[in-house]
Amino acid sequence: MRGLFITLEGIEGSGKSTQIEMLYKRLKKDGFDVIITREPGGTPIGKEIRKLLLDPDNIMGAKAEFLLYAADRAQHVVELIKPALESGKVVLADRFIDSSIAYQGYGRGLDIDVVKTVNEWVIDGCWPDLTFVLDLDVEKGLERARGYSPDNQGDRLERELVTFHRRVRQAYHQLAEDRRFIMLDADRSREEIHREIYHKVKGCLIK
């Protein structure tokens, strides 16, 4: 029996990593066979790609960035996600295909159809069952995200202009019109957000 594939999406600093950790611990405590992963960087190859993508010293073209994310995702699906789902595990992923549509498609202005087509080929039918989008004001999210870095400047993407991140946020609003998505107000306490996510996920697991 196939497992359950859940992804968390959102702009920088929206709290995805915090929420996915909280959900992972709660589901483990409930006795579910669950794994947690992220993009980029969910595999050994992905970790190397992540370094290239997020290093603020790297000047990278939009197409090169897009293809590196696609390569990371291709390896991620084959090496980790598909095998885990086929063995019945619950897979929690911090970012997946929708990040490329939002960031490289809408954010960078690449052809949306190309971004979707390449990524649909890459994931080979491995679609998330449920995607949570943590929605937050861009300025507030960037302030949070940059505050986590040693120099308070953030990684290569976090240093992008506010207008870039506004396009990304708007993209998530458009994507969230699909029934697979649940958009949540991320400007609340982590406990309140967690309760809402956990309730939705538990409902899927006990069907």
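Cβ atoms are placed via backbone N, Cα and C, with glycine included.
According to Swiss-Prot, the features are:
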BINDING   G10, I11, E12, G13, S14, G15, K16, S17  ATP binding site
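Sequence features annotated in Swiss-Prot and their locations in the structure.
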residue : record           : Cβ contacts under 8 Å, 6 or more apart
G10     : ATP binding site : K16, V133, L134, D135, L136, G141, Y172, A186
I11     : ATP binding site : L136, V138, G141, H165, V168, R169, Y172
S14     : ATP binding site : L134, D135, L136, G141, A186
G15     : ATP binding site : L134, L136, R144, A186, R190, I193
S17     : ATP binding site : R38, D94
Chain-mates of G10, I11, E12, G13, S14, G15, K16, S17 with C-beta within 8 Å of site centroid, ATP: L134, L136, G141, R144, A145, A186
CB contacts for K16 (ATP binding site) [other CB atoms within 10 A, all chains]: 22
E12 (ATP binding site): tally of other CB atoms within 10 A of its CB: 24
G13 (ATP binding site): tally of other CB atoms within 10 A of its CB: 25
Where E12 (ATP binding site) falls in three-state DSSP terms: coil
